[in-house]
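Colleague: There's a structure below that I have some questions on.
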Amino acid sequence: MYKLVLIRHGESTWNLDNRFTGWTDVDLTETGIAQAKNSGQLLKAEGYDFDLAYTSVLKRATRTLWHVLDEMDQTWLPVEHSWRLNERHYGDLQGLNKAETAKKFGDEQVLVWRRSYDTPPPPLAANDPRSERSDRRYANLLPGQVPLTECLKDTVERVLPFWNEAMAPAIKAGKRIVVAAHGNSIRALVKYLDNISDSDIVGLNIPNGIPLVYELDENLKPLRSYYLGDSEAAAKAAAAVGAQGKAVAA
């Protein structure tokens, strides 16, 4: 049996402000740092030990990973960064407050933009200063690989090659891996692993800073999955994520 540990980054400054973040490179809040440290403490207390770590190229995920590994006394661990693990790109919504956007366009439309499988938000203009196409960290990518918007389907299509070419072979080689990423890049992996339908994925929310453990068979098919720590607290945190895009907070 293999194990895979997935951690959504701790609370970011734009999570706190209830803004659409996407590829915008915002930092963790003090709460987010505490969540990341708590994840590391949970993993250490449960006897987890890793050989390899993966994260995105966005600081809220990379710093979450660092705090996790620091609490585990494993900051020396090899870490591979990949843009393919970045958050889903939210296009022209990036930087906007989710509740205010829902008041303007309606809860239903914002839910479609946030959680539907194949409907992207309105794109950024190519010359929009919020675009990442001139960012050095993406200099080796083809222009079309740096998105102006994405739906979850697009996110799945960029995450799965990294799973197939890097993560899955490492797991099968016996490497114990931890992944610190983002709500939608983790949703993409969970959709694939659990074979969740395009319609059912709408209801899946990933809470900040709580380790999600997958136990996998020899073919990397899930035997079971669970959040470490207080399962009721994890469920409440996931429900809170789902309520972020409503005009009136739930």
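Positions of Cβ are set from backbone N, Cα and C atoms, glycine also.
Pulled from Swiss-Prot, these are the listed features:
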- His9: active site, tele-phosphohistidine intermediate (ACT_SITE)
- Glu87: active site, proton donor/acceptor (ACT_SITE)
- 8-15, 21-22, Arg60, 87-90, Lys98, 114-115, 183-184: substrate binding site (BINDING)
- 116-135: region 'Disordered' (REGION)
- His182: site 'Transition state stabilizer' (SITE)
Colleague: Using a 10 Å cut-off, grab the number of neighbouring Cβ atoms around the Cβ of His182 (site 'Transition state stabilizer'), all chains included.
Modeller: 27
Colleague: Can you tell which of Glu11, Glu87 has the least company, meaning the fewest other C-beta atoms within 10 angstroms of its C-beta, among these recorded positions?
Modeller: Glu11
Colleague: Once the chains shown are all counted, how many other Cβ atoms turn up within 10 Å of the Cβ of Lys98 (substrate binding site)?
Modeller: 24
Colleague: Six or more residues beyond either end and a Cβ under 8 Å away: which residues meet both conditions relative to the region 'Disordered' (116-135)?
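Modeller: The answer is 20, 23-24, 90-95, 143, 146, 148-154, 198-199, 201-202.
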Colleague: In whole Å, how far does the CA atom of Gly183 (substrate binding site) lie from that of Glu87 (active site, proton donor/acceptor)?
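Modeller: That comes out at 7 Å between the alpha carbons.
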Colleague: Across all the protein chains here, work out how many other Cβ atoms are within 10 Å of the Cβ of Arg8 (substrate binding site).
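Modeller: Excluding its own Cβ, Arg8 (substrate binding site) sees 31 Cβ atoms within 10 Å.
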Colleague: Measure from the CA atom of His9 (active site, tele-phosphohistidine intermediate) to the CA atom of Arg88 (substrate binding site) and give the result in Å, rounded to a whole number.
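Modeller: With the alpha carbons as reference points, the distance is 14 Å.
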Colleague: Name the secondary structure element type, per DSSP in three states, that contains Arg8 (substrate binding site).
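Modeller: Going by the DSSP assignment, Arg8 (substrate binding site) falls within a strand, counted as strand.
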Colleague: Of the recorded positions Glu87, Lys98, His182, which sits closest to His9 (active site, tele-phosphohistidine intermediate) by Cα distance?
Modeller: His182
Colleague: For the residue listed as 'active site, proton donor/acceptor', which DSSP three-state class applies?
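Modeller: SS state of the residue listed as 'active site, proton donor/acceptor' = coil.
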Colleague: How does the region 'Disordered' (116-135) divide up by DSSP, counting helix, then strand, then coil residues?
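Modeller: Computed counts for the region 'Disordered' (116-135) are 0 helix, 0 strand, 20 coil.
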Colleague: Can you check which residues sit near Gly22 (substrate binding site), meaning Cβ under 8 Å from its Cβ, same chain, 6 or more apart in sequence, and list them in order?
Modeller: Glu87, Arg88, His89, Tyr90, Gly91, Leu93, Gln94
